[in-house]
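Structure first, commentary second.
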Amino acid sequence: MSIKEEVESRKTFAIISHPDAGKTTLTEKLLLFGGAIREAGTVKGKKSGKFATSDWMKVEQERGISVTSSVMQFDYDHYKINILDTPGHEDFSEDTYRTLMAVDSAVMVIDCAKGIEPQTLKLFKVCKMRGIPIFTFINKLDRVGKEPFELLDEIESTLEIETYPMNWPVGMGQNFFGIIDRESHTIEPFRDEENVLHLNDDYELEEDHAMKNDSAFTQAIEELMLVEEAGETFDNEALLSGDLTPVFFGSALANFGVQNFLNAYVDHAPMPNARQTNEDIEVSPFDLDFSGFIFKIQANMDPKHRDRIAFMRVVSGAFERGMDVTLQRTHKKQKITRSTSFMADDKETVNHAVAGDIIGLYDTGNYQIGDTLVGGNQKFSFQELPQFTPELFMKVSAKNVMKQKHFHKGIEQLVQEGAIQYYKALHTNQIIIGAVGQLQFEVFEHRLKNEYNVDVVMEPVGQKIARWIENEEDIKDKMSTSRSILVKDIYDNYVFLFENEFATRWFEEKFPEIKLYGLL
């Protein structure tokens, strides 16, 4: 198979949603259809010890939430599909944002009872900003929720995107009978013992079935006729440009409507995209020279071995295990001998990968998030990945001074993952960590204890705003006060931590020569 044929067979997407909309459950059911797992774990079944395949970290299993991004690959219908299951909790939106830089499309999961929720809206905006095509799966139709037209209207008005329902539900909750596939004119019944039913061109039931006289069926057909009368046809170009979202109804937990979605997804989702570099070069996925970028680093995927994995998206060419590449940030050549694919915490050696694939590189501390790797004599770097400005800060220290070595090792590794940000006070050497949300601190404390055997003392600091400095050479010691602490970040850049907006404005007025800026 040529590189072009291999690349065209790749589909790489992230699943985004508000917590509890069913994102991880949908991921599992997709893996079932791909034959990647035999039995789906359930997120909520904590007593049975069955945990979701994509929720591999101990804290995720205990809480039933995703706080890291998992990567899974499976084969389906001649395609290789890469799924990135993103953190559902808003405190980990930075990790999700970076993950969205590594995909070519996204699947938005919506709870039919709740509609568009805050985290869904936030993540959708990121996809829209990047022009990522979005597929919508409206979940939990076996529970009572909003009417289909109400949900479609909410998507269109709130997200400002056109919708095209690919199927239509017959009833919901206790009276949920199934879904009508618009293209094949078939009804997929919700109960397994029923056979697929067929509709003629006028949406009349061809089989003699009791449902003919059911009010839920009659209502569904009337609604579908209204949709048809609108006369809109499915526009794949509008999907690929991010202006239209195909909508699917189903129930991930009941494994219903998932295959219907998956079949349509592989037909319509884009193959791997070209990528822009800082040098304004467009790198095609069909280019023969290898290139890729690191979008995530995860420590302790195997707690027994204290390993670190750098997640790399292949952008062009073919990756071959043992090949020589250049790390563009340092301009150093290295041979990649250890590479892996994922099924949550199950890993398998990767010998070959092409554009669109996500592979793990064993990392001894060489890589940073955003690093570009290239083969041959290429001289470019992909555009930097975004970093968020923290809004919460904590002083942190080891409870037991004898654990200093483990404490510093743990902080170093967890900071390099990008889950928290690291600062050191200029004159006291006090370590301060920053986060977007409180849960990040809780997970940080939990992981230090469980993965590094270190108990920590964490105290809030009064500062809430971080600002970096464009002209560091103009900084003077007197500028650092109790209301504007001067610290250094992990990259040795100067940063002021301010108490509030008033303290920030006061500083800017008193020291107009200092040019401050925030991150995202």
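Quick reminder: no glycine exception, Cβ is built from N, Cα and C everywhere.
According to Swiss-Prot, the feature domain 'tr-type G' maps to 8-277. This prediction places the mean pLDDT of the domain 'tr-type G' (8-277) at 83.
Swiss-Prot lists 17-24, 85-89, 139-142 with the feature GTP binding site.
Each of the binding-site residues Ser17, Thr86 was scored by the other Cβ atoms within 10 Å of its Cβ; the lowest score goes to Ser17. Look at the binding-site residues Asp20, Leu141 and count other Cβ atoms within 10 Å of each Cβ; Asp20 has the fewest. In this view, Lys23 (GTP binding site) is surrounded by 29 other Cβ atoms within 10 Å of its Cβ, with every protein chain counted.
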